[in-house]
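Colleague: Here it is, the structure, as structure tokens.
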Amino acid sequence: MNNDMRNRITKTIEFFKFTCVTLSRLIELLEELELNQHQMAMSTCIFSLLTAFIQLIPLIPQLTIYHITMPVDHYERAVITNLYAELANTSCRFLTGLPPSAFNDIFPLFVQEFDQKRRLILQYRFSTTMKTNILLLLLIWLRTYSTNNVLSVMFKVSKYKVCRYRKTYFPLLVRALRSQMKWPSPNEMVNLVVYHPILGRYIGYVDGSRHFIQRPRKNQRLYYSGSVYDSKMLRRAGIGNLPIHTRLLADKGFGNGNGLLTPVRRNELNRFPLSSKKLFNYFLSNKRIFVEHLIKEMKVFEAVHGVFRHERQQWYGVSLCTAYLANVRASLFLQ
């Protein structure tokens, strides 16, 4: 412990002792005085101030060295620190799972939703640095799934302000990214159809993945392993009608038919020669491996890969954002 810290602790303890002695002496003097009406009004004001201060005395023993020695700016900073300026210089330390160039592409979409909400609730405008670091906080939260305490240390604001930033501005990020994700129209689907001499006509790939959540308090049977399977989730998604004689490539977790093309199973060997069966499954696996890589890029974000700790209503926004960011990562790797 250095001399500066020791002096601050000593002065703080002396102040507390002096305050306690002074308060007790003032109370004794006021009780001994014969007060007139004017003095009574003044003493009432003094007593009200003293009473409010006396209520704080029981909290004094709860103060730790952290509260005495650490500056208030460390945990109650009014403005978020500019962490973006420090991390943007090196891509490997950016902590978002994206390069700074991809971050700069997402930033205008977020600012558009940000400014629109600020105009609706008639609040003051935030600076560009403030908006940049709020978006950085949200992306770091998706990438690392850090707690509010960790994020408060990183951005030098209180954990309550971190929680407020996340609850207030994460829906804006979801809305901004959702506006960029559009299902192709029927005419656009026709242009996306691919013909393969072995697989036939297909338009894309589909796959599913499980994610861990905390044990729910109610209706636990709905979340047992095997209670929901890939085909059921695909029907719930409602992808719409595909072009005629066109299918989606899928794995064995989906049922064959209904617009899906799955690998040939072992019990279907009698219908297919062994050589053609192996060739068919080889090309099918070779084409749909892209969606497996895309899910791997999605699980880079710990908000999806780890155990989800927040409300299930928030899962829609988390999965949508991570799916968009995974596509961004995949497009960067394909370049």
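Cβ atoms here come from the backbone N, Cα and C positions, even for glycine.
Per TrEMBL, the features are:
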DOMAIN    224-327  domain 'DDE Tnp4'
TRANSMEM  40-60  transmembrane segment
Colleague: Give the residue counts of the domain 'DDE Tnp4' (224-327) per reduced DSSP state, in the order helix, strand, coil.
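Modeller: Its residues fall into 56 helix, 7 strand, 41 coil.
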Colleague: Express the predicted model's confidence over the domain 'DDE Tnp4' (224-327) as a mean pLDDT, rounded to an integer.
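Modeller: Mean model confidence (pLDDT) across the domain 'DDE Tnp4' (224-327) is 80.
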